[in-house]
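Each remark here refers to the structure printed beneath this line.
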Amino acid sequence: MSHLNYNHLYYFWMVCKQGSVTKAADALFLTPQTVTGQIKALEDRLDGKLTKRNGRSIEPTELGQLVFKYADRMFGLSYEMLDIVNYSQRSNLLFDVGVADALSKRLVSKILLTSVPGDNRIHLRCFESTHEMLLEQLAQHKLDMILSDCPVDSSQSPGLFSKKLGESRMSFFSFGDVDFAPFPAVLQSKKLLVPGSRTAMGRKVRQWFDRQGLQPHILGEFDDSALMKAFAIYHSDAVFMAPSFYVSEVDAESSLKLIGHVDEIKEEYYVIFAERMIQHPAVKNVCDADFTNLFL
C-alpha cells in the first residue's frame, strides 16, 4: 500500500472540524474547489466516500468517521509536538488567552497574574469575545486557554477540558442617590443595566426576576461588564449588576453605592483548555492556583 497524502487528509480533517467546505477553505486560504478536489483524491485513494451532505452542512460517512478519528489524533499530536518544541526553544512563551466578555475584568486580571511564571518568561496576549466564538478558536488551535463563565461540554467538544476556578456573589450598585426602600422591590422603580440575555449571567438574572415577581425597567443590556459599569457612571440614575467585591469601592469611591446583594446568583469562572495544553506552564499555574480568597 502506497503512502497516504497527508495534505489531502488534513483538508478532509479541516472540513470535518469546520462543518463545511467553504469554512474549511477560508481557514486554509484556499478555494472551495481546491479543497473538494483534494478530498476527492483522498476518497479515490481510500476507495470510499468520506463525506455526505446534511442540509447546508457536511458530515462524515461511516468510513469518514473512522478516518477522522485517526486524523484528529494525528494532527492533535502534531500540534502538541509544536507546542512542546515552542516551550523548549523560546526565551518567552507565547500564551494566547481568550476571555469571555461577560466576566469581570478585575477578577480576570488577578487570575491571569497567576499564569505568569516567576521569571516572567511569557508573552501574554488576551482576546475578548463570546463563549461560543472562543471555543471555536480554541478548537482551531488559535488560542491556548479560555476564561469563561460556563464550562465546556466535552461530549460536544471532544479534547477540551474545563475546571471551575471559583464563583462570586452578585449585587446591584448605583452611582446615583439611593432610595431607602426594601430590596429587591426597589428595583421596580429603577432603570436597570444587566448582562446580555445570551450570556449565562443574563439568563440567571432574568430567572431571578421571575422568581421575585419583578418586572423591572431594563435600560440596557451589556455583554461587556466593564462597559456596563462605565455606562452607569454617566447615567447615575441607573442601577447596574456586578460582582459583590465591588462593595470594596463603596468607601473609596464615594459616588458608588450598594443597592443590595443577591445571594442566589453566582458568577462562575472556568478555565478551558485543550488536552495538548495540560503541560503548558501557564495553564498549569492557573489550574493549580488557590483562588479561595479571590471570590466572595
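Every residue, even glycine, has its Cβ placed from backbone N, Cα and C.
In Swiss-Prot, the feature DNA-binding region is placed on 21-40, out of the ranges 21-40, 121-140, 181-200, 261-280. With DSSP classes pooled into helix, strand and coil, the tally for the domain 'HTH lysR-type' (1-61) is 36 helix, 8 strand, 17 coil.
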